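Colleague: Take this structure, written in structure tokens, and hold onto it; I'll ask about it next.
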Amino acid sequence: MSKFGVLVMGPAGAGKSTFCSALIQHLQTTRRSCFYVNLDPAAESFNYEPDLDIRELITLEDVMEEMELGPNGGLIYCFEFLLQNLDFLSQALDPLSEEYLIIFDMPGQIELYTHIPLLPSLVQYLSRQGPLNINLCAAYLLESTFVIDKAKFFAGTLSAMSAMLMLEMPHVNILSKMDQVRDMVSRKELKRFVNVDVNLLQDEIGGAEEPVEGDPSSKDTLLSGRSFKRLNRAVGQLIDDFSMVSFLKLDVQDEDSVAAVLSHIDDAIQFHEAQEPREPNDEQDVDYEDADI
């Protein structure tokens with residue numbers, strides 16, 4: 001029996017837990033079953049209590065104290081420990097039916113998604129290649145305020161593409177916190193970010209003035225230098241060559257926005273194709289023999 005799930009990922013501050021809460025609320029409103037899994041060992045509080053919490057197995061605070069590791073090293077240790085104790089996941093997830101949407105709330109350290117092979121191993125165990133047989137989709141969140149700084153936006157886009165290539169699973173990329181940029185960017189301009197128009201970088205490079213000589217170690221000198229422009233151009237060309245990344249817009253305060261994102265997730269994991277037709281309620285049954293035709 002297949003199961004269905006979504007890995008909610010993205011850099012710290014992108015609004016992952018807030019999106020999870022909005023998604024759970026929407027699912028409850030529409031009477032859909034969900035199972036909330038927290039996989040962030042450093043998490044502190046939630047709007048909805050997780051049904052399964054990695055902190056019951058291991059916490060980042062304990063690891064940093066006992067192993068004398070920093071935050072990043074401690075997080076890597078936590079995931080290594082999880083991979084050694086996968087029965088912690090299987091015992092809770094195996095009984096779930098195909099009616100559930102399993103929501104995995106992931107940590108914000110993007111190195112887990114981009115170049116450390118821990119998460120691909122976890123995905124392989126959870127997905128249809130592993131014993132749990134979960135149809136998985138990754139939802140990668142990027143904060144919409146990144147569009148104010150084009151270079152920062154394309155760096156975030158590059159990290160999203162890196163996660164797509166490394167995890168090798170269906171992906172939905174999301175620009176979160178859209179309510180914060182409505183008055184900053186026009187709709188026409190925002191559309192170029194949603195569809196990732198690499199000419200945005202070229203526009204910025206072409207319109208920039210020649211850098212003024214200054215301290216080569218200063219931030220302003222570095223960001224206006226020719227090397228930085230060449231780097232931006234190379235990043236834009238790489239993203240354009242793959243043509244993989246586009247974004248959905250998300251405002252968690254807007255029910256229709258959450259529903260639209262969920263619809264794309266459902267399509268990616270083929271959720272509705274596996275659902276059995278529901279029997280009508282007794283009060284909705286019609287006696288066609290007595291009905292006027």
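The backbone N, Cα and C atoms fix where each Cβ goes, glycine too.
Pulled these features from Swiss-Prot for this protein:
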type	residues	note
BINDING	Gly13, Ala14, Gly15, Lys16, Ser17, Thr18, Ser176, Lys177, Met178, Asp179	GTP binding site
COMPBIAS	272-281	compositional bias 'Basic and acidic residues'
COMPBIAS	282-293	compositional bias 'Acidic residues'
REGION	272-293	region 'Disordered'
SITE	Asn72	site 'Stabilizes the phosphate intermediate'
Colleague: Who sits close to Gly13 (GTP binding site): which same-chain residues at least 6 apart have their Cβ under 8 Å from its Cβ?
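Modeller: Gly13 (GTP binding site) has long-range Cβ partners Gly108, Glu143.
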Colleague: To the nearest whole angstrom, state the Cα distance for the pair Ser176 (GTP binding site) and Asn72 (site 'Stabilizes the phosphate intermediate').
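Modeller: With the alpha carbons as reference points, the distance is 24 Å.
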Colleague: Return only the integer: C-alpha distance in Å from Met178 (GTP binding site) to Asn72 (site 'Stabilizes the phosphate intermediate').
Modeller: 29
Colleague: Which of the three DSSP-derived classes (helix, strand, coil) applies to Ser17 (GTP binding site)?
Modeller: helix
Colleague: Counting Cβ neighbours within 10 Å across all chains shown, tell me which of the recorded positions Ser17, Asn72, Ser176 comes out on top.
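Modeller: Output for this query is Ser176.
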Colleague: Fill in the CA-CA distance, Ser17 (GTP binding site) to Asn72 (site 'Stabilizes the phosphate intermediate'), as an integer in Å.
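Modeller: Here the two Cα atoms are 19 Å apart.
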Colleague: According to DSSP, which of helix, strand or coil covers Asn72 (site 'Stabilizes the phosphate intermediate')?
Modeller: helix
